[in-house]
């Protein structure tokens, strides 16, 4: 089995490169499916029975009542009851090209933040050898190289609004994804993948057939990606 290089090996390879350059099925089970808390990544899509008989009616969509049921779990930063203005394509999905451009634009707007990874912060870049001794780069140049390396291996979470459908309230939830269309390692080989998730509490319209069909709103835990990591 091919082993994935560790971050340490990746960073060492980069130092070597820099040194060289510097040197010279359907059924009733659908009725009971709902998102469940899970640490398994990547997250899977929801599966819903297509029959509209299981959809909530207009009288079941009283926003005042639903907001009361959800209580303090309502998060306006990640939830919306109507299509958000910044949601690409409005009610429908954007064309592939437009979606790619929007994703790339969001990626370019993000920069590494927080504490610099210790593997990068501890790197000692060498200008080459002079009389058998390593000469350190200036503090300013060393910082620039560290920031460049950090930006190359940075794996931000890209957020976009997702329409869960009429059987969920709020209907629109902001979900995260990892940008995996380019390698995040030097040399190439590793990509950004989900590493952590958190859960939002939303309401789901659930129907049961015990003693006749009965439906109602229940709170469920909806997982979203919260962190991405450069890995195999």
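Including glycine, each Cβ sits where the backbone N, Cα and C put it.
Record features (Swiss-Prot):
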type     : residues : note
SIGNAL   : 1-27     : signal peptide
CARBOHYD : 62       : N-linked glycosylation site
REGION   : 77-99    : region 'Disordered'
DISULFID : 155-192  : disulfide bond
DISULFID : 178-228  : disulfide bond
DISULFID : 184-230  : disulfide bond
DISULFID : 207-215  : disulfide bond
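In space, 62 is the closest of the recorded positions 62, 155, 178, 192, 230 to residue 207 (disulfide bond), judged by Cα positions.
Taking only the Cα positions, the spacing between residue 215 (disulfide bond) and residue 155 (disulfide bond) is 42 angstrom. Around residue 192 (disulfide bond), taking its Cβ as the centre, 25 other Cβ atoms fall within 10 Å, counting all chains. Straight-line distance linking the Cα atoms of residue 228 (disulfide bond) and residue 155 (disulfide bond), rounded to a whole number, equals 5 Å.
Residue 155 (disulfide bond) falls outside any helix or strand according to DSSP and counts as coil.
Here is what falls inside 10 Å of the CA of residue 184 (disulfide bond) among the recorded positions 62, 155, 178, 192: 155, 192.
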